[in-house]
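Colleague: Take this structure, written in structure tokens, and hold onto it; I'll ask about it next.
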Amino acid sequence: MIRFEKVTKAYPGPGKPALDSVTVEVEKGEFVFLVGASGSGKSTALRLILRETRPSDGRVYVAGKEINRLAGWKVPRLRRQIGTVFQDFRLLNTKSVGENVAFAMQVTGHSRKEIRRAVPETLEMVGLQGKASRMPDELSGGEQQRVAIARAVVNEPMILIADEPTGNLDPATSNDIMTLLERINAETDMTVVMATHDESIVDRYRKRVIELHQGRLVRDEAGGGYGGRPTTTPQGV
Amino acid sequence: MRHLLTELRQGLARNVSMHIAVVLTLFVSLTLAGVGVLSQREADKTVEYLGNELQITVWLCKADDDRPGCLGLVTDQQQRQVERTLEESPDVRAAEYVPQDEAYRLAQGLFDAELFEGGEDAPLQVADFRASYRVTPQQPDEIEGITSAVQGLEGVSYLSDQREELQPVYQIIDYLKFGSLGFAAALLLAALLLVANTVRLAALARRKEIGIMRLVGASGLYISLPFLAEALFMALLGVVLSGGALAALMQFGIVEGVSQQLQFLPWVGWPDYLFTLAVIGITGPLLTVLPTLLLTRKYSKV
């Protein structure tokens with residue numbers, strides 16, 4: 001579903017590349033934790049998947065497309081295959097819960113009939129049934145993140161990118177969100193890539209862990225914990 | 001469509017003062033540009049009309065002529081020489097001889113009758129008039145060849161060029177044309193920059209929304225559409241206001257105004273107004289849509 005082949009991403013200016021010859025593959029339906037300290041290259045990896053940037057070297061394949069070669073006008077179509085969730089929720093505060101979720105469908109050209117069917121179903125799936133008319137600022141942090149998840153999955157993407165989705169939440173709420181993401185992964189076979197700093201979650205859920213350190217892949221471990229020993233030998237070492 | 005209309009309403013309400021500024025600037029600049037276009041067409045009409053009638057008059061010497069080239073009444077030989085010179089000149093299309101008595105008769109129709117009454121004591125006599133050739137040039141703008149050929153011939157008193165008399169009319173039209181087009185250019189630039197600023201502000205106000213649209217896979221065109229609709233709406237208002245102002249100028253300034261007072265000149269009419277309306281109808285939307293397209297491409301780049 002996602003494949004990095006010797007991907008290097010260097011930004012202008014001096015210093016090490018953000019990603020340095022990373023090769024990794026994530027299969028359809030997998031749930032993967034992407035871990036690493038700040039500046040390790042996690043965000044760059046996610047931006048590459050979303051085709052917000054292109055690699056300086058190597059190849060990135062997402063949903064069968066090589067993003068290096070993808071023409072600009074085809075990028076929206078690629079992004080419809082990817083749902084995204086952020087630490088800061090990024091909800092539109094002038095729109096209700098239902099409108100926030102519907103927004104993702106409206107702007108991608110879905111009919112009103114489809115929207116009327118899909119939005120309540122998705123809200124129910126994330127546990128927000130009956131809250132469609134509430135405004136985001138009337139909700140708790142956990143509920144707001146559920147709205148963001150609903151918006152990310154309402155178009156039934158193949159991949160869900162979650163960038164620190166529990167970063168602003170207390171441990172109990174983080175656990176609820178994790179449970180929700182795990183359920184979505186299991187029920188829909190959606191590939192989930194979750195970047196996180198949350199040790200307890202990584203340790204508890206024991207999913208595949210991909211660890212980056214200074215732009216290099218230092219660990220790719222199935223069922224690993226947050227602070228495991230490097231299991232891959234970085235290229236060139 | 002519903003989404004677009006909602007976005008348009010919200011976008012216009014979001015920054016009312018800026019939108020009013022854009023519409024007013026567009027209104028004034030398009031009106032001035034329209035005045036410039038109308039002036040250009042007026043100039044074309046005037047030149048076309050007067051240019052066809054433009055004639056150089058070659059005045060021949062009269063008996064008591066005190067012009068430097070005259071030694072008394074023009075002789076038949078001198079007159080034939082002038083006529084031959086005009087006939088042989090490639091710059092002359094036609095030359096019509098107006099003898100002294102004909103000039104006298106024409107003057108009777110233009111001036112007070114008193115001047116011609118009293119027989120031999122009348123203030124104006126046939127001898128007071130000069131015979132002349134009315135010369136129509138091949139090209140209204142090119143008379144140097146004719147003047148240089150005729151000037152200085154014996155029996156020629158002087159040459160007169162009607163265009164010298166019409167110079168002030170052309171000058172006023174030129175001032176109007178270049179003045180209005182100059183101001184219009186400055187104001188159109190101001191309108192362009194105002195539109196750019198409005199788009200920038202609107203994009204800033206909607207940056208979160210645009211960010212989400214990009215992430216969920218909205219196309220660049222879809223993201224740009226509300227901005228384009230706003231730009232077109234402002235342009236439309238500017239064009240309507242400007243078209244109204246120009247129509248008022250046509251009706252009260254020209255049709256019921258100067259064209260009644262200065263009937264010897266041809267004046268621009270409603271077909272010219274329609275042409276001008278088409279020019280501003282195209283310029284207005286271009287002025288708002290082009291910067292909007294360029295800037296939204298930047299802000300909505302996927």
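Note that Cβ sites are derived from N, Cα and C of the backbone, with glycine treated the same way.
TrEMBL lists these features:
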- B:54-157: domain 'FtsX extracellular' (DOMAIN)
- B:183-301: domain 'ABC3 transporter permease C-terminal' (DOMAIN)
- B:20-39: transmembrane segment (TRANSMEM)
- B:178-199: transmembrane segment (TRANSMEM)
- B:220-253: transmembrane segment (TRANSMEM)
- B:273-295: transmembrane segment (TRANSMEM)
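Can you tell me where each of these features sits in the structure?
Modeller: On the 0 to 100 pLDDT scale, the model's mean across the domain 'ABC3 transporter permease C-terminal' (B:183-301) is 87.
With a cut-off of 8 Å between Cβ atoms, the residues of this chain six or more beyond the transmembrane segment (B:178-199) that come close are 15, 18-19, 21-22, 25-26, 28-30, 32-33, 35-36, 39, 227, 230-231, 234, 238, 283, 287-288, 291-292, 295-296, 299.
Away from its own ends, the transmembrane segment (B:273-295) comes close to residues 22, 26, 30, 33-34, 37-38, 41, 188, 191-192, 195-196, 199-200, 203, 224, 227-228, 230-232, 234-236, 238-239, 242-243, 246-247, 250 of its chain (Cβ-Cβ under 8 Å, at least six residues beyond either end).
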Colleague: Please work out the helix, strand and coil residue numbers for the domain 'ABC3 transporter permease C-terminal' (B:183-301) from the DSSP assignment.
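Modeller: Looking at the domain 'ABC3 transporter permease C-terminal' (B:183-301) with DSSP, the answer is 105 helix, 0 strand, 14 coil.
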